[in-house]
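In what follows, a structure is listed as structure tokens, so that the remarks can point back to it.
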Amino acid sequence: MSEQKTSGSGSAAAARLQIEAEYKDKGPQWHRFYKEICETCDREAKEKQFSTSESERHTNRGLNRYRDVNPYDHSRIVLKRGSVDYINANLVQLERAERQYILTQGPLVDTVGHFWLMVWEQKSRAVLMLNKLMEKKQIKCHLYWPNEMGADKALKLPHVKLTVELVRLETYQNFVRRWFKLTDLETQQSREVMQFHYTTWPDFGIPSSPNAFLKFLQQVRDSGCLSRDVGPAVVHCSAGIGRSGTFCLVDCCLVLIDKYGECNVSKVLCELRSYRMGLIQTADQLDFSYQAIIEGIKKLHDPTFLDAEEPLISNDTETHTLDELPPPLPPRVQSLNLPLAPNSGGILSLNMRAAQANGAESIGKELSKDALNNFINQHDMIHDAEVADSRPLPPLPVRAFNDSDSDEDYLLDDDDEDDTDEDEEYETINEHDADPVNGHVPATTQPHADDVNANNEKPAVPVDEQHKANGIDPIPGQLPASPENELKRRKRNEYQASLEQKVNDMKRKQRENEDKQLAAKKRRSLLTYIAAGVVVGVICAYAYTKLG
């Protein structure tokens, strides 16, 4: 389709009618339409011989969150500082829309330093986060920013020579906006970096309405972080292709409609996919993209919509509850690598064997640290559930998670079996990546062949060495479990005990109700017998008087 420069609301209205017609026409066969787009993009990638060899290198596999989501070599971001130049990220561009983004995965515990180094080197002005840290009780992204304001609370990344300080925070109904001071320790230069954290993308699905998403897009645009005169904005979810691709597709198409009065949505998607594989993971995400584009043509030119201010909920120091954070990683990481004895595979092997001995399925070797952490914690949850009281009441809660249907909890998502998630597609492609508890784990990387012995046991590697190799230096003399993590553990145990007490109270009340019902039944039976006796007595007395 040709795209000649036009102007005026009439062209935008015509574009809206054209996209609406295509949307309605493809509606009955939407999944086939999505599949055809994917096949076209895959065919073009093969014809152009797009490779992913860097992501498959022996030394880089452990830096990928998902095994099936690898950056193309021709568009990957190359880190300049340090011994590691690889990060799972691509520069995605659409020249005629004057848009460029960096699409990347949610940082792992060992890639936080790489992530911020990329932000610094690429001169990015903003980070757009479209997921929660945990969803469906699975870690989707490591917490990569400081929790509290102040220089003394800054995140220190000495190996990549950067510090990250939280300087401002604003919480809105549908997103959180954070301002960071990113400082280069080599030059002592500092730069302000904004983070737009979209917090109400529903559990494993798509937003019910594009309005909140469009308001978020407007706020991002108004900040100027998408302009060509600044570095590309960093966009991520968990895999960096589903929700991230949705954001980029909607933004690019709306820009093209403003500039040219027309847009071929499927063509734009294929162009974006030529920079990073798999953008828009599901047919539902493509469906939502069309809805957002159609609605955005109208809303982003409506003064009422544009002038409406997003309600500010708070601008206080950020605090997280136990439910909002993943299980503390440092104690787990230490336990995974401390050897039990010479030539031993360490506590990880012991935990894995114990889990398998108790009936849990074995898990594949292609696991990231987050996935391993999920596996061990979930096995602990199973064990706790097995010892719960067997009465026909709800079992003891095994984890302090929020089970409401609200999307407002922006760091922890709840469980929804009926929806499909952008990352679920990649977690369930390979059967040997299945989670032994919930049926899926965000499986990612294969350990190196020379790191696994004949018993499939991974030799111990000091945590300090792991962090130094991946952009994070540990604090000298730091204990495996910090006071903060110990406090979290105690609070979690106290909360667990409180929940257990509540369930026991429920059981006690049920027993009391059962006893009351039984007593009432006995009373009713006794009254029935007494009434029957009285009736019989009256009849006998009446008969006696008549006969007498």
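Just so you know, glycine gets a Cβ as well, placed from its N, Cα and C.
Taken residue by residue with DSSP, C237 (active site, phosphocysteine intermediate) is part of neither helix nor strand, so it is coil. According to Swiss-Prot, the feature active site, phosphocysteine intermediate maps to C237.
Helix first, then strand, then coil: DSSP counts for the compositional bias 'Basic and acidic residues' (502-517) stand at 16 helix, 0 strand, 0 coil. According to Swiss-Prot, the compositional bias 'Basic and acidic residues' annotation covers 502-517.
Look at Swiss-Prot and you will find 33-296 tagged as domain 'Tyrosine-protein phosphatase'. For the domain 'Tyrosine-protein phosphatase' (33-296), the predicted model reports an average pLDDT of 95.
Among the features that Swiss-Prot reports, phosphoserine is placed at S83, with the record citing experimental evidence.
Residues or ranges marked as phosphotyrosine by Swiss-Prot: Y86. Of all Cβ atoms in the shown protein chains, 20 besides its own fall within 10 Å of the Cβ of Y86 (phosphotyrosine).
As annotated by Swiss-Prot, region 'Disordered' applies to 46-65 (among others).
The region 'Disordered' annotation in Swiss-Prot covers 386-517 (among others).
Annotation source Swiss-Prot lists topological domain 'Cytoplasmic' at 1-525, citing a curator's inference.
Each of the recorded positions S83, C237 was scored by the other Cβ atoms within 10 Å of its Cβ; the lowest score goes to S83. DSSP assigns S83 (phosphoserine) to coil in the three-state reduction, placing it in neither a helix nor a strand.
Secondary structure counts, DSSP: the region 'Disordered' (46-65) has 5 helix, 0 strand, 15 coil. For the pair C237 (active site, phosphocysteine intermediate) and Y86 (phosphotyrosine), the Cα-Cα distance reads 19 Å.
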